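Chemist: This structure is in structure tokens; I'll ask about it shortly.
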Amino acid sequence: MKETKSELAGTDRPDLKNHNEKNAQLDAYRRDATGQALTTNQGVKISDNQNSLKAGTRGGTLLEDFIFQEKMTHFDHERIPERIVHARGVAAHGVFKAYPGNERFTKAGFLTDTERETPMFVRFSTVQGPRGSADTVRDIRGFAMKFYTQEGVYDLVGNNAPVFFIQDGIKFPDFVHAMKPEPHTEIPTAQTAHDTFWDFVSLVPETAHAVMWAMSDRAIPRNFRSIQGFGVNTFRMINADGEAVFVKFHWTPKQGLTQLTWDEAQKLAGRDPDFHRRDLYDAIESGNYPEWELGVQIVPEADEHKFDFDLLDATKLIPEELVPVTPIGSFVLNRNVENFFAETEQVAFCPAHIVPGIDFSNDPLLQARVFSYTDTQLIRLGGPNFHQIPINQPVCPFHNNQRDGYHQRAIHRGQASYEPNSIDNNWPTETTPAASNGGFESYAERIDGRKIRERSPSFSDHFTQARLYYRSLTPYEQRHVVNAYVFELSKVQRLYIREREVLEILCNIDLDLAQQVAIKLGIVIPPEKLNVELPEVTPSKRISLEAFPAPDIKGKKIAVLVHDKVNQANVDAVLAWAKEESAIAEVLAPTPAPVLSSSGAEVMADGMQRGEPSVLYDAVVMVDGDNYDQVLKDGTAKHYIIEAYVHLKPIVLLGEKADLINSLGLVADEGTLSHQDFKSVAMELKQLIMKHRVWAREPVSEMIPG
Ligand code: HDE
């Protein structure tokens, strides 16, 4: 590849010689203190880290104790402001590889060079809650990706829903204020089930579609490994001939999509508030690297106006039946962070971080985002040099005449910090935009128009796609949406807000949905609202979670319940089978102490049933043994089975334990398996776990009053 002038200018940086090696670059900043002396930040060796300097053993502390002062001052400033939104998050490193053929529509090097492995950093988040809030709350998930490409850092800052709540960025502060905890009490934490959120969304119909996603199972994912990501905004891609197309980014997990039940989500918020971050960390540590396929929906410039919605409207998706997703590459997350603060907390994403071959559209939400992210980093990360924090640094050379500022880490050489200059031979210098050189060139879109504060009339249909979404769900997913609206609105104290949401929003989306919610909330819909003809929509087949099944059970967790006198052969069979399937089987005993097998041998426990409840697992196996009476007396074990059953999980009851179904007042169904020998049901169990839930078990009567 031809070297540009600016690349040549970077060769004075030995740490960046191999700029495809993010690891090598980060090594320069890693602090490994093994074998090192404890020192102050100035490098002075400390002889006593236990006692401050005092005037006598019982005297006052002396002002001159610079060691104490430095330590305490640093500690006092350890916290930085959390993100105003997306504060709660977890991240991992990964690698992206492009598929062949993308040069048809983009010149971006990381998308066209199929030999390259582009290092990535990916952060998952919830939107509403603070840093310490629970993982499993009902919320849209952030899915932000940083690609350390050879042409500069590219950030694809997405969500797990393809649409957003508002159309124009000027409404973002209003939306976020309404969604955040209420200002007088700072309640509720990490939830939208309160008056101000529903007040705002019921007054602003453009929120209807995204709220529908937030009320669906998409907003309570089982883990981050099984969520889709979407760029939401429409972007452009530009090829080497300067031709542009509009694109919408999608990325889909190879693991399939899964969800929590609402009861499970709420229980997990207490039983394991770190459930999602723990899952991601454990999966990567155990070598179950999650993978996604990146794709784009491509719309030629000439087709910009061929849809019945506006491509620039971020509250709309392009149904995949109209424009299929073209796969352009895949990525895998294969390395955990080493230091949460330095990496996950300090990473700074920004939709304005683009590289040649990618450009913006005029989507007014995107335009606002291009401004907001850098602006927020200035205060969160304390000044304009946050790009020098290791996790944010490009891996390609970067040079310019920007100088000084808070936390400047570079010692810039040379006398000239301006351009043009003759003192330093005009370095660093511009790179011409010609494709082979790689200088960034904005797409020369023609713009004619008056300066105006006005929404385009093409942004005005707020309900058809919300209806499309609802109509594209399976009946059980629709029931969950109804229940979510009822749950959330039941927490709204002002009855007129509940009523407005039902009458002014839901009645315009879908009368069946509106009626079900209205009945449960005791709201009467006037007949004139019920006689309205809502537009016909063709359901999309790519919206229900059922469209994205799991191909295997890698990384799924199985609880193996044991008591004294357990049949060891079956315990061993479950563990061997799980290992073969790359699933995780954990033996849970009444306490963490080993139990005895029927032949008197010790069976080690990975944890205790009370400490590792069924909500943490995808399936439960209760192993047989000469201990039925013990189990009947064990409330925790019985509750374990009942809870797994209520959460629609596959349950295997081996040997005499099959009788438990009746003793516990449960009904055997396609999701309850029993046999003397685990191996005989292993295949069936695998199929059930791949389906994830036994939906037929969900009590419909509880969902619909009647
Ligand atoms: Fe963000 N958003 N956003 N957002 N957003 C932030 O930047 C903003 C929007 C998204 O893991 C902030 O560094 C505005 C859409 C993610 O660090 C802030 C608007 C989408 C993350 C900001 C939007 C997102 C953020 C807060 C409307 C999906 C977390 C902290 C015009 C495509 C990134 C920060 C991470 C974070 C502004 C709308 C996704 C305040 C003004 C649409 C995943 O700058």
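Every residue gets a Cβ built from N, Cα and C, even glycine.
Note that the structure is predicted; figures quoted are calculated from it, not measured.
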Chemist: Out of 1-29, 262-290, 378-406, which range is noted as region 'Disordered' by TrEMBL?
Modeler: 1-29
Chemist: Which of Phe165, Phe172, Phe331, Phe341 shares the heme site with Arg83, Arg123, Arg369, Tyr373, Arg380 per TrEMBL?
Modeler: Phe172
Chemist: Would you report the average pLDDT that the model assigns to the domain 'Catalase core' (39-427)?
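Modeler: Taking every residue of the domain 'Catalase core' (39-427) together, the mean pLDDT is 97.
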Chemist: On the three-state reduction of DSSP, what should I expect for Arg369 (heme binding site)?
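Modeler: Arg369 (heme binding site) sits in a helix per DSSP.
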Chemist: What count of other C-beta atoms do you get within 10 angstroms of the C-beta of Phe172 (heme binding site), across all chains shown?
Modeler: 18
Chemist: Sorry to bug you, but what's the C-alpha spacing from His86 (active site) to Tyr373 (heme binding site), rounded to the closest Å?
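Modeler: With the alpha carbons as reference points, the distance is 12 Å.
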Chemist: DSSP secondary structure for Phe172 (heme binding site), reduced to helix/strand/coil, please.
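Modeler: SS state of Phe172 (heme binding site) = helix.
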Chemist: Which ones in the same chain are close to Asn159 (active site), with CB under 8 Å and 6+ residues apart in sequence?
Modeler: Ile140, Arg141, Gly142, Phe143, Gly229, Phe230, Val232
Chemist: Using a Cβ cut-off under 8 Å and a sequence separation of 6 or more, which residues in the same chain sit near Arg123 (heme binding site)?
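Modeler: In sequence order, the residues whose Cβ lies under 8 Å from that of Arg123 (heme binding site) (at least 6 apart) are Gly89, Val90, Ala91, Gly142, Ala144, Thr344, Val347, Phe349.
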Chemist: Could you check what DSSP calls Asn159 (active site) once collapsed to helix, strand or coil?
Modeler: strand
Chemist: Find the longest CA to CA distance in the recorded heme-binding set Arg83, Arg123, Phe172, Arg369, Tyr373, Arg380; express it in Å as a whole number.
Modeler: 21
